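**Student:** Below is one structure. I have some questions about it.
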Amino acid sequence: MDLTKMGMIQLQNPSHPTGLLCKANQMRLAGTLCDVVIMVDSQEFHAHRTVLACTSKMFEILFHRNSQHYTLDFLSPKTFQQILEYAYTATLQAKAEDLDDLLYAAEILEIEYLEEQCLKMLETIQASDDNDTEATMADGGAEEEEDRKARYLKNIFISKHSSEESGYASVAGQSLPGPMVDQSPSVSTSFGLSAMSPTKAAVDSLMTIGQSLLQGTLQPPAGPEEPTLAGGGRHPGVAEVKTEMMQVDEVPSQDSPGAAESSISGGMGDKVEERGKEGPGTPTRSSVITSARELHYGREESAEQVPPPAEAGQAPTGRPEHPAPPPEKHLGIYSVLPNHKADAVLSMPSSVTSGLHVQPALAVSMDFSTYGGLLPQGFIQRELFSKLGELAVGMKSESRTIGEQCSVCGVELPDNEAVEQHRKLHSGMKTYGCELCGKRFLDSLRLRMHLLAHSAGAKAFVCDQCGAQFSKEDALETHRQTHTGTDMAVFCLLCGKRFQAQSALQQHMEVHAGVRSYICSECNRTFPSHTALKRHLRSHTGDHPYECEFCGSCFRDESTLKSHKRIHTGEKPYECNGCGKKFSLKHQLETHYRVHTGEKPFECKLCHQRSRDYSAMIKHLRTHNGASPYQCTICTEYCPSLSSMQKHMKGHKPEEIPPDWRIEKTYLYLCYV
């Protein structure tokens, strides 16, 4: 046999990836060839930088420093242990309450697939908890009728935003016989919304509620074309509407194969099969954060109300017998097929609208196909939801009179100003960007926690009182002197700010806690700190008459206030001609241009490393044992700001200061612009 005439021969070992990971994990557990040490809360984890860099984009960036020790302060040792298991075994075991921490860690470390899995699991858990809560409410039967109406209409009102994104499920000329498959299964279901047409879900729910008001109970929808979930038989007073709307999160039952077959009717079988393989759509960031928050809140509030789960095969009193749900939630992804109807003609009987006091504009038959595409997409939905919104707001004001409530997640806040600040979290507007890697975050706290990953470095010595890190032991001993004697300093563990007195730290902590105990004598507005109140008082003196309604800062002229407010509103009028990136302030755009030109006008005097902007240079100086940007040329003491250096120089005697001394000589950096 002539081997030279044979083509290329391919040899493949299908078990190689699994065996490679398994061997790497064994070496990690044995401490063999580990070349990096990750410290989390004084606990060391030995690992291989290649494995971590392949798993996490953030580790890949950090490991370019060729350091052996890194410190992570934004997660717990338990969470990082789970991250390690995931990196070395491609699996991890976690409880439901750990998903929130895993999601946050995966986002910062940029482990994309783990982040997606946590998002989907949080959505699934939230949907399951919503069904459990509704069933508990049906068993108790002690809830007020007005509260129940407000809750359902609130869900309808919340779906307004999702409806504008999903669009019509059925438009003119596409009224197919039989069920249709909605094309937007990624619409958030964290509030009990289905993947069906949002308008139909709203009208069906409203009609059911109206019938309950007229007849005293909710009747299940009649007709052979309305599919219901397996495991029905819930109390018809509350659970029926929820059951119908949550079909998108349920796996089709083996007892009802017709439901699965109907999902591929109408000539759309291939698309449905592909979507079934992909699993449910990835939810939006705002919905999953809300889901995680509601997951914790809901368990705390209903801990005393939820009865213990029934054993398998035993049905609770008053319900048909059906298998009990699994006791724990696992990191599995459901492959579900949305199979809801979306009829073209939606009608609302006048009897229902009269019972609910709905305006006459809703008590008509609405045939979308008659408009022939003349109206803008989403116009009818917006008009309908504006009416439902007025009704929901009216009912909410009657049932809740204490404080203000977020219309998205339902959390109660002390005043309207706090609600407006809170709503920014739901908008998903990430206005805080990292200057080192470009990643953006919802608030400054998450950005500061992310920056710790950049500034970790090789710092093995940690202060046990404030958490400050140093690369040399003598630097740590020098730092510890600040915690002793009359000059003892205290630090905020949340933001790292330093204070000379415990009372000042306590006042500062009230800002993090959201306590507002300082009241303006002129306008009775409340503020979280004395400093914020003093800043606000400038608006009454006339020196700084222009006040920011978001944070209370005052300015001398309107143009400065306008520039400042862009930080809160997210407006970015300055756009880069090269890459299209937008900025709130003009000087930010000018600094950004240096990315394209390669200009680095700031130079470190200690190691001659150059940076594009001042803030990056300040961050770099901290890598030199935490050096502040200004150093006295007489006593070599460091100062954190130019004003503090000026105050420090006043403490020196005039004869100690050289005749050619200038303040610029205290700078630890050079600026060539």
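Cβ coordinates come from backbone N, Cα and C, glycine included.
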**Student:** Looking at 12-34, 173-195, 242-264, 518-540, which stretch does Swiss-Prot describe as zinc finger?
**Tutor:** 518-540
**Student:** Return the average pLDDT for the domain 'BTB' (34-96) as a whole number.
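**Tutor:** For the domain 'BTB' (34-96), the model's average pLDDT rounds to 88.
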**Student:** Just to verify a number: CA distance, Ser76 (phosphoserine) to Ser628 (phosphoserine), in angstrom, no decimals.
**Tutor:** 29
**Student:** Residues with Cβ closer than 8 Å to the Cβ of Ser628 (phosphoserine), same chain and 6+ apart in sequence?
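**Tutor:** Same-chain residues close to Ser628 (phosphoserine) (Cβ under 8 Å, separated by 6 or more) are Leu621, Tyr638, Cys639, Pro640, Leu668.
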**Student:** When DSSP states are grouped into helix, strand and coil, how many residues of the domain 'BTB' (34-96) land in each?
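**Tutor:** Residue counts for the domain 'BTB' (34-96) by secondary structure: 30 helix, 13 strand, 20 coil.
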